[in-house]
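Visitor: The structure follows.
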Amino acid sequence: MAKLCCFGSSDYDLVVGRASTSSGKGRNNDGEIKFGYSLVKGKANHPMEDYHVSKFVKIDGNELGLFAIYDGHLGERVPAYLQKHLFSNILKEEQFRYDPQRSIIAAYEKTDQAILSHSSDLGRGGSTAVTAILMNGRRLWVANVGDSRAVLSQGGQAIQMTIDHEPHTERLSIEGKGGFVSNMPGDVPRVNGQLAVSRAFGDKSLKTHLRSDPDVKDSSIDDHTDVLVLASDGLWKVMANQEAIDIARRIKDPLKAAKELTTEALRRDSKDDISCIVVRLR
């Protein structure tokens with residue numbers, strides 16, 4: 001991998017350092033693309049388990065915007081590991097510049113295998129992931145496992161770039177691996193009565209019944225594509241895609257937009273950790 005050069009981000013230690021209740025902003029080298037992020041701890045009695053990445057880097061003459069939300073469960077070690085290693089692993093793939101999609105899929109798999117092999121250190125927990133790579137402001141690759149989501153605004157219309165990996169929609173895969181999907185009254189469907197997503201990093205005790213391969217989607221960025229929103233399910237449980245895009249477009253400052261989205265989720269009584277990144281492309 002070529003040497004990386006990072007720039008355009010304030011509060012750098014929070015951007016790539018640790019989970020916290022935090023906010024910050026940054027921009028690309030020429031200042032045309034700006035981002036803001038806001039993370040708010042949920043009401044559950046455990047430490048913040050959401051981690052994120054938001055930064056621009058230079059590699060092989062290309063400017064890459066790297067954005068991610070990692071929503072952990074049963075501890076923060078797996079999302080912290082992803083924050084440190086997943087993008088690095090993607091960019092290390094020899095074919096990344098020629099075939100980003102294949103490289104992303106390969107790096108997701110290798111990263112999950114590394115997490116499982118270090119489960120004695122990382123614990124029994126796991127994490128969802130949504131990652132977005134913006135190349136030279138012109139092309140976007142989005143990948144995800146779990147229910148963290150990326151939504152793109154094209155002409156003001158919300159376009160969901162990810163697929164929510166939920167147990168009831170992937171029941172056949174789970175049952176084909178020998179697992180089951182519970183559906184208890186008053187609760188969401190769960191893999192083996194435990195996990196509310198059907199794909200995740202980690203979760204060694206459930207891995208034989210889970211998947212960790214991502215869905216990947218790419219899109220050209222044109223003059224009609226103005227905003228990208230990434231968020232954990234703490235936002236999406238209480239807000240529709242179009243609502244989030246409308247807020248992010250109305251508030252021109254992406255930091256203020258991200259804060260408004262997390263604040264509105266709290267107003268709507270979201271109880272989970274809430275993490276949001278708003279990228280203003282135009």
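Yeah, the Cβs are placed from backbone N, Cα and C, and that goes for glycine too.
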Visitor: To which of Asp60, Asp71, Asp99 does Swiss-Prot also attribute binding of Mn(2+) 2 at the site defined by Asp233, Asp272?
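Guide: Among the candidates, Swiss-Prot records only Asp71 at this Mn(2+) 2 site.
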Visitor: Compute the C-alpha separation of Asp272 (Mn(2+) 2 binding site) from Asp71 (Mn(2+) 1 binding site), stating it in Å without decimals.
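Guide: Roughly 10 Å, rounded to the nearest whole number.
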Visitor: So, in DSSP terms, is Gly72 (Mn(2+) 1 binding site) helix, strand, or coil?
Guide: strand
Visitor: I need the CA-to-CA distance for Gly72 (Mn(2+) 1 binding site) versus Asp233 (Mn(2+) 2 binding site), whole Å please.
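Guide: Computed Cα spacing between Gly72 (Mn(2+) 1 binding site) and Asp233 (Mn(2+) 2 binding site) is 11 Å.
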Visitor: Using the recorded Mn(2+) 2 site (Asp71, Asp233, Asp272) as reference, state which further residues of the same chain have their Cβ within 8 Å of the centre of those residues' Cβ atoms, listed in sequence order.
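Guide: Going along the sequence, the neighbours appear as Gly42, Asp50, Thr128, Asp147, Ser148, Ser232, Gly234, Leu235, Trp236, Lys237, Asp273, Ile274, Ser275.
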Visitor: Please report the Cα separation of Asp71 (Mn(2+) 1 binding site) and Asp233 (Mn(2+) 2 binding site) in Å, rounded to an integer.
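Guide: The separation of the Cα atoms works out to 8 Å.
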